[in-house]
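Trainee: Got these off TrEMBL a minute ago, pasting:
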{"type": "DOMAIN", "residues": "186-338", "note": "domain 'Fido'"}
{"type": "BINDING", "residues": "221-231, 280-287", "note": "ATP binding site"}
{"type": "ACT_SITE", "residues": "His276", "note": "active site"}
Amino acid sequence: MKIPMSPPNTEALLRSIVETGDSERLVKLFRNPSGPAPHGRYLHWDELRHRQPPPELGTEEWWLLVKTARRLLYKAVLIEDKAGQPFVFALADPILALLHRIDRDASGHILLAAPIANPETRDTYLVRSLIEEAINSSQLEGASTTRQVAKEMLRQGRRPRDKSERMIFNNFQAMRSISERLKEPLTPEAIFELHSILTRDTLDDPTAAGRLRRADERIDVVDHRDQRVLHVPPHADELPARLERLCDFANARDAEPFVPPIIRAILLHFALAYDHPFVDGNGRVARALFYWSALSQGYWLMEFVSISSILKQAPAQYARAYLFTETDESDVTYFLIHQLETIVAAMDGLHDYLRRKADEAMATEAMLQTSTRLRERLNHRQLALIRHALRHPNSVYTIEGHRQSHAVVYQTARSDLLQLAALGLVSQRKAGQAFVFEAPPDLTSRLEETESTLQQSDARFEMPANSSLKN
């Protein structure tokens, strides 16, 4: 990956203009005010230098005006770069628009969230989200297991068979553990525990789990395609103090200057990855901290979206957002915008998924509309399985997988599947020590046959309205 070109020195540029005594040039310069985000985009110098500047301005002069406007908006935060300078961000219009969208949809009430607000179906959507984030976050860090195999492992409760599966399994466990610590302040010990969960049985040196990297453990961020070093993290000797400062920032929610909650969560993500305090697993820990911070600050919808699924689609943009910050005076606005756009895309993906599920539910209900007896006998978990089986003939289900998918106890999951088998809607067979249940390819006709059988069975027990008892 190419390192972005560093911006020109704006102080030197302004000084050279003043020293020339060219008053006409100064008038032209300040007669062309430029905001921090020309045309609604917060461009880095490496991008802006390829754009057409406003009339009467050179590209470097344009950058001088843009940078001046940004400096007027800068807010410094508690976390610092390697040189000891605080990271800064500007609440420019692109950020304000994205913040409004996220604050409206992720912490308030939206109609499309009805299925995930419903206690009967909430856990099903939550488990799906945890699985998606576990898989995608691990794949970003090199896990090679396919989504289908990983989903089957997590839903069926199967033990991991290799390092890639273990990474995904660990990530799933870590995401679940986060929800149990939302009311606790962030501490270095909590981060060490999170790292231990995420890296268990995946490190070349098992003793590296849950501890900071040592001075003899040189860790650079490298583009593995061309071996170019993209980032050299702070020295190991600085890490204890930096981690304490990161936790202070995470917990200082009422401190000044005010930092919008979702921006605080993103900055935790950025700071942990910037410091790279562990020998491995830094990206996974960073993204997990984002979820902890967002959820603990009331952004409840974040529990149902996978930001890693969006990041995985364009990992180069993810990396460039870091590089833009490092090459432009530690202006973390670039990373904030990238992550805010990622969150919005993930939320849109959730909304699309809920719409599809609503359409599928309507189609299933339409098919079952005439199946009155059957519909009365199936609960929402069984209907969800039928819906899945109609889309995926010959699918295999297990009691443990059904339990995991709907967050119910084993006995409830077992009862659900045995009832479906008794109705002839799935077939049951033994596989090793456990039972598995298969969806038949002719499920639609079986639904019709089962409904007919149930109607006939019920009719034998119903008394005709015009009948009377005779002695």
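Each residue, glycine too, has its Cβ placed from N, Cα and C.
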Trainee: To the nearest whole angstrom, state the Cα distance for the pair Val221 (ATP binding site) and His276 (active site).
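Mentor: Answer for this pair: 9 Å between alpha carbons.
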Trainee: According to DSSP, which of helix, strand or coil covers Arg287 (ATP binding site)?
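Mentor: In the DSSP reduction, Arg287 (ATP binding site) maps to helix.
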Trainee: May I ask you to report the DSSP-based helix, strand or coil state of Leu230 (ATP binding site)?
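Mentor: Going by the DSSP assignment, Leu230 (ATP binding site) falls within a strand, counted as strand.
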Trainee: Tell me, if you would, which residue among His224, His276, Arg284, Arg287 (recorded positions) has the fewest other CB atoms within 10 Å in the structure shown?
Mentor: His224
Trainee: Taking only the Cα atoms, work out how far Arg284 (ATP binding site) lies from His276 (active site), in Å, as a whole number.
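Mentor: Given the Cα positions, Arg284 (ATP binding site) is 11 Å from His276 (active site).
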Trainee: I'd like to know the mean pLDDT over the domain 'Fido' (186-338).
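Mentor: In the predicted model, the domain 'Fido' (186-338) has a mean pLDDT of 95.
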Trainee: Among Val221, Leu230, the binding-site residues in question, whose Cβ has the most other Cβ atoms within 10 Å in this structure?
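Mentor: By the 10 Å Cβ neighbour count, Val221 comes out on top.
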Trainee: Around the C-beta of Gly281 (ATP binding site), how many further C-beta atoms are within 10 angstroms, looking at every protein chain?
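Mentor: Counting Cβ neighbours of Gly281 (ATP binding site) within 10 Å gives 26.
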Trainee: Write down the Cα-Cα distance for His276 (active site) and His224 (ATP binding site), rounded and given in Å.
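Mentor: That comes out at 17 Å between the alpha carbons.
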Trainee: Would you kindly give the Cα-Cα distance separating the residue listed as 'active site' and Arg287 (ATP binding site), rounded to the nearest Å?
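Mentor: Cα-Cα distance, Arg287 (ATP binding site) to the residue listed as 'active site': 13 Å.
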Trainee: What does the structure give for the C-alpha distance between Leu230 (ATP binding site) and the residue listed as 'active site'? Integer Å is fine.
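Mentor: Cα of Leu230 (ATP binding site) to Cα of the residue listed as 'active site' measures 13 Å after rounding.
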